[in-house]
Amino acid sequence: MKEPLKVACVQAAPVFLDLDATVDKTITLMEQAAAAGAGLIAFPETWIPGYPWFLWLDAPAWNMPLVQRYHQQSLVLDSVQARRISDAARHLGLYVVLGYSERNKASLYIGQWIIDDHGETVGVRRKLKATHVERTMFGEGDGASLRTFETPVGVLGALCCWEHLQPLSKYAMYAQNEQIHVAAWPSFSLYRNATSALGPEVNTAASRVYAAEGQCFVLAPCAIVSPEMIEMLCDSDAKRSLLQAGGGHARIFGPDGSDLATPLGEHEEGLLYATLDPAALTLAKVAADPAGHYSRPDVTRLMFNPNPTPCVVDLPDLPISSESIELLRPDIALEV
């Protein structure tokens, strides 16, 4: 990161379970950010087509109609809707870090898509481990999803939600000299009276600690639960007590953990703005670089596999002979 960068951090409600309408809103927010002079905009977790709150409200059998609709409204990267977003990024000259539900063949993944100011894909990642009931609908990422990307605006990285409570995953990111991190959150509207672990105090603190631990800028976009979503999902008083409207707590933190933008009210839609000064990175790293001069690899080290792990690996074409079988299966020897 060589030059100051103005960034925008989204706090808004998607058009729930409506892919095309949420793409429209995505582009509108991108246009607002670009008009304000921002060079990068960050969106919440599963912004498209919205976070599947219904998974937390009832039994899997009750959710099946909504699960089917969620599949249909999730984003395919090679699609007209995705091209609309990348074309808008190119037209506006804007970097975009988009949280979305990725539909790949018959599976869904909690994804983040990084697009550069030319509309080209910088990187695509998937949440390594879906959280709790999310695992009834979403698949998993692999080590290739724990990486940073060197760009003209800085070294970019991203994680989703409770990935920020995974110390080893965070350390893998810190070790790659991450400079601008997007910590994407869905909203802090769930189980408010039952547990602090899902609330804004704990999870906003996780984003702030990430900034201080990694000495990087952290953009923490956060969605809002709209009254329309409550009307759609909560058909009883019990469900309305579990999921409440609001929950927006978007933040931007400096590499020393300081607030760089004034938060919005939890029901308020808008964009948070801040100008990131690269000099702040140097000052923070001088004090503590946990994967550099402040580390003790002779005492503790992280084992990290950054390679993709596809379900099917094509073997090379080999002539059918005893030698080729021995090459593929050294435990088998055939007599000819």
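Just so you know, glycine gets a Cβ as well, placed from its N, Cα and C.
Record features (Swiss-Prot):
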type: DOMAIN; residues: 5-278; note: domain 'CN hydrolase'
type: ACT_SITE; residues: GLU45; note: active site, proton acceptor
type: ACT_SITE; residues: LYS127; note: active site, proton donor
type: ACT_SITE; residues: CYS161; note: active site, nucleophile
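It is 10 Å from the Cα atom of the residue listed as 'active site, proton acceptor' to that of the residue listed as 'active site, proton donor'. Annotation for the residue listed as 'active site, nucleophile': same-chain Cβ neighbours under 8 Å, separated by at least 6 residues, are GLU45, ILE110, LYS127, THR131, ALA184, TRP185, PRO186, ASN203. In this structure, the residue listed as 'active site, proton acceptor' belongs to neither helix nor strand by DSSP; it is coil. Counting every protein chain shown, 27 other Cβ atoms lie within 10 Å of the Cβ of GLU45 (active site, proton acceptor).
The Cβ of LYS127 (active site, proton donor) has 26 other Cβ atoms within 10 Å, all protein chains considered.
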